[in-house]
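Features reported for this protein in Swiss-Prot:
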type	residues	note
COMPBIAS	1-12	compositional bias 'Basic residues'
REGION	1-81	region 'Disordered'
COMPBIAS	36-53	compositional bias 'Acidic residues'
MOD_RES	60	phosphoserine
COMPBIAS	60-71	compositional bias 'Acidic residues'
MOD_RES	62	phosphoserine
MOTIF	89-117	motif 'Q motif'
DOMAIN	120-296	domain 'Helicase ATP-binding'
BINDING	133, 134, 135, 136, 137, 138, 139, 140	ATP binding site
DOMAIN	310-480	domain 'Helicase C-terminal'
REGION	543-578	region 'Disordered'
């Protein structure tokens, strides 16, 4: 009995000693920062020198330290940010660490946007936030700055595992968030990583096991790692960010998000949920992810428009058979500008890119059926270009911050006003951004303008004189009829366009029965409508499993694409008529 008591006292004494050592460094953050390893190799070496028991002990101690330091940080942040957000205009007004202030300054940011002014202070104070803001409002910095500051304040190291998880709906948006996080973490020692569908899963798992403090992820791949990657430490999670929540749910990740919420620890976790629209599903997700009584930040309520200032918006009424001619003429006149053209289906984008590149009008294309590496390369190539044309589906419509876009062209109109708002949000971004948008509408589709007006979006009608539109219809039809592979691509594009049109939710406006198929066929280069098989009324969206697999018909498609590319190249060498 006495021996047991002696052992217990000795254990208590040891704990007090550990606690004293643990508390002491809190008085000198700068000294601790200087003692931290300088790169990931140091982290890895440190982990290799610890056995499993020591690592468990360190992680357990780290949890206690985090909780203690977090209470101190939250109280400090509440006191420092108690003043009205109207007093805070610049990032330098925030009580941030020197390292992150330096990174923000080097990135060229000085004045905060409305969403940043209203959300960063309460986030620094530890509040859960449900944010609503139009695209291009600066949400990325609004959630990255507080979460990185938290990691720094809690002295996260690789052995502590993941402290921040940011969930994004698309791979491109995840890559973009990752890029911004990398710049903000330039002067920090915390580790960061990204896990997305289409990337090398084993390489991701290896990095997670080594320790990733800030993780950017898409829902499907994140759930995979949470369930199957042994050694992925996420018990110390302190901040969860759900970006573009409405989009995540729209594209079919509702079940995955519910499973993720069940797996992730909720104790001591701050949650940030950003959504451009507040739907019933978003409210349900907020209910299971946020603590009761979150701070609701809506910077759009009461504003006269749903799109950003500095954006000049217009539409043009054009018959289906003249759509390509107008697009071709418009792009030829804007070769020195940066232009994004939205289309409704992957096959339409693919065909139009092949066609335009063939007739020496260089374009890039981005859609969901491309391999991930190509999508990534295309995205960054267009981001870094001073001028150029990008043809894409809605994969690029949400959240992506592409610099200096001059024109957004909606060649195929969107399914609803929300999609319109997100598409045009690729231009006129930031506090002083400017840009223009143009939407093509058939005479039968003009009723869509009423829906836009209800959503606080007003457009002016643009007119293009007929003598300014190049009439290349006969050359187009001749080219498509002579080139077999281009003809097959045109058929695929035509079929997928009709399938997508049939899936539109606003049937009173976008009624496939009102389409003049002969005119639609001409816009794809056919003199007469080709015979294609479509199911009217079926969804034009790909199945979720097919989408996650990256379009699993890859063997057939890859061979077909190579043959077509080779044939088109041979045609050009022969100097076929254009």
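Along the chain as shown, the residues are counted starting at 1.
In case you wondered, yes, glycine gets a Cβ from its N, Cα and C as well.
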Other CB atoms within 10 A, centred on residue 138 (ATP binding site): 20
The motif 'Q motif' (89-117) - residue tally per DSSP class, helix then strand then coil: 16 helix, 2 strand, 11 coil
DSSP-derived structure type at residue 139 (ATP binding site), helix or strand or else coil: helix
